[in-house]
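Colleague: This is the feature table in TrEMBL:
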TRANSMEM  7-23  transmembrane segment
TRANSMEM  35-55  transmembrane segment
TRANSMEM  76-96  transmembrane segment
TRANSMEM  102-121  transmembrane segment
DOMAIN    268-393  domain 'Bacterial sugar transferase'
TRANSMEM  270-294  transmembrane segment
Amino acid sequence: MLAAVTVVDIIGFSLAVIVAWALPGSIPLLSPVPYIRPVVMGFAIAQLFILLLLLKLVGAYDLRDVSVGSREYRSVIHSQALTAGLLGVIAYLFNIPISRTYFIVSTVLGTFFLLLGRFFFRRVIHRFRREGRFMRRVLIAGSPIRAAAIADAFESRPWLGLMPVATFLSADHLPSVNDATDTPEFKNLAKAVRDSDVEILVIADGFLEDSAEFLNISWALESLHVSLIVMPSLGDIAQDRIHARPVAGLPFVWIEQPRSAKALSWGKRVFDIAGASLGTLVLSPFLLLIAYLIKKHDGGPAFFSQTRIGRDGHPFQLHKFRTMVPNAEALRAQLVAEHGGEGLFKMADDPRVTPVGRFLRRHSLDEFPQLLNVFKGEMSLVGPRPALPEEVATYSEKGPFGLERGLGA
């Protein structure tokens, strides 16, 4: 998987370099880039090499973060900023004749294409993981209640890529979390890890009595090349509020008090507007082509709007490319009667989905019109998915409505 994401990064940045060479000559306000000379080609190769090196150093190729969470995107932005700064200083000190237009365009578009490539790569990996592929085998050590809760959390979030295959419980407990997990009872944890052939050991809070036991487990697992995760009994806490700091040999986990959303929102809003603007500008020909294909197929509207629940429980109209026949809602009652189902009705092979719509859904291309929702401030580029009103009705009273909805997690 790391090789694949590296190829995605190389393609994305190479595309940015090509556009940076071609774009200025077609826009009067930009100075054209001189003919490709060896020095310019060498500079582009240096850009790519340094970028890949920095991506590695900042953890953008860490399996713990690839296709999971927002840290991956931050690592990409951080690496690109460091690359631009480093090469900018080198070009200035050694008087390298590089067009400023090329440098700026390649940096901005490089960041955009890297993030876009990572976004699509993430969607593909998430789809594969929902099919049970690219999963990492996990053994969970803990009490039956905690082990069951952790296993349920992993199984309900397959995009994490963590597949519970065994649990380690004390002798007075049942040896398995559920019927789907065939777990023999082991005499020691190291043997359990070895016999289960797992890649990750998850230790739930309360399983270990002191740090000495943790050190013993770490030493026992050293030769097995198994990753170790310690799961505290903390949940539903925003990522930016959690800070892990080792102090005097003790693993302190600092939890910041909730901060005012207004104090933090301006920076994210600027990022959303800039990202949505650049995305719309670069992808506009492609978006027009998609709209044309949808319209040509059946003559219906190219776009579809649906009520979703946003931040603080406020409803808004989410925009997507239409992937179903124009009278899809009218056919829903008939399909429910024929195939059954209550609440949220979904079919694996929904006959209402058009051929064009099936392709768009497979590659998540139907979601690009949501950039309009980002412009309007109803969604963010990064955040939890906005839920349907029917889904919200099943939430507890303390649902996660304080978070701004986003294009993807």
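Cβ atoms are placed via backbone N, Cα and C, with glycine included.
Predicted automatically and left uncurated, TrEMBL annotations should be read as such.
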Colleague: Where among 7-23, 35-55, 76-96 do we find the most Cβ pairs under 8 Å to the transmembrane segment (102-121)?
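Modeller: Ranking 7-23, 35-55, 76-96 by Cβ pairs under 8 Å to the transmembrane segment (102-121) puts 7-23 first.
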Colleague: Using DSSP, tally how many residues of the domain 'Bacterial sugar transferase' (268-393) sit in helix, strand and coil.
Modeller: 67 helix, 18 strand, 41 coil
Colleague: On the 0 to 100 pLDDT scale, where does the domain 'Bacterial sugar transferase' (268-393) sit on average?
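Modeller: Mean pLDDT, the domain 'Bacterial sugar transferase' (268-393): 83.
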